[in-house]
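Data first, discussion second: the structure below is written as structure tokens.
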Amino acid sequence: MIRVGIIGGSGLDDTDILEKCKKIEADTPYGPPSSDIMTGLINDTQVLILARHGRKHQYSPTQVNNRANIYALKQAGATHILATTACGSLRQEIDRGHFVILDQFIDFTRFRKNTFTDSFEQGVVHTAMAHPFDESLRNVLYRSATELGLKVHGKGCVVTIEGPRFSTVAESNMFRLWGADVINMSTAPEAMLANEAGIPYAAVAMATDYDCWKQDEAPVTWDEILSVFNKNADNVKQLFIKTVSEITTMA
Ligand code: ADE
């Protein structure tokens, strides 16, 4: 049976899209996940929603227990994971409110637990990561976004930084030279762990700012991110409702 896990980022963890909503109190060998899992239906498909930063946004990017989050979703039977994230744009053509269906990441985090395999005593594990985002899920997200008339970019490379600080201008320019299209503080470790857990994973990033590389704009602030987010939150909800329904027909 299809069961779609949704990991909601800042402002994108609303559970009012679920019918017959129930709470699952999850615990894992890695500790508790960031939030309870809310389970319910979207158009008859089972969905599990987890708030990446906690329901009160109490966990900083470094504190988010990605291992517990992915493990808890697997335990709850997630067959697919869709993640949302706010991001800064590193390209002129990716404007505020645009969506990017990520196809690659660059990991610039430093202090995260990013594997379930801390020791090789039970066997050697080197997970393939050449293509960390599931192609079929990416296609469904792209098609759904296009049909909804959203401004969407079919691919893009995210660089995930440790945070919680934003980047310097030098870093922002370096990430552009490296080929990153957008920047955030969450995706890379989460994608790695979903791949290790063998759960097809895709992430849609919503651009909220131009980070700080653009000389004709003031550098990003948290207030700016929240305000762009709130304006576009409904688009994210619609995108998920449509995508979840499409995943069911795809199976
Ligand atoms: N999330 C949203 N905008 C961001 C930025 N500019 N840098 C890092 N994370 C972000």
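Cβ coordinates are placed from backbone N, Cα and C, and glycine is handled just like the others.
All annotation found in TrEMBL is predicted automatically rather than curated by experts.
Feature list (source: TrEMBL):
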DOMAIN    3-243  domain 'Nucleoside phosphorylase'
BINDING   SER10, ARG52, HIS53, THR85, ALA86, SER186  phosphate binding site
SITE      SER167  site 'Important for substrate specificity'
BINDING   MET185, ASP209, TYR210, ASP211  substrate binding site
SITE      TRP222  site 'Important for substrate specificity'
Within a 10 Å radius around the Cβ, which one of these recorded positions has the most neighbouring Cβ atoms: THR85, SER167, SER186?
SER186
Can you tell me which of the recorded positions THR85, SER186, ASP211, TRP222 is spatially closest to SER167 (site 'Important for substrate specificity')? Compare CA atoms only.
ASP211
Write down the Cα-Cα distance for THR85 (phosphate binding site) and MET185 (substrate binding site), rounded and given in Å.
9
Just checking a number: largest C-alpha distance across MET185, ASP209, TYR210, ASP211 for the substrate site, rounded to a whole Å.
15
Compared by Cα position, which of the binding-site residues ARG52, THR85, ALA86 is the closest one to ASP211 (substrate binding site)?
ALA86
Any idea what the model's mean pLDDT is for the domain 'Nucleoside phosphorylase' (3-243)?
95
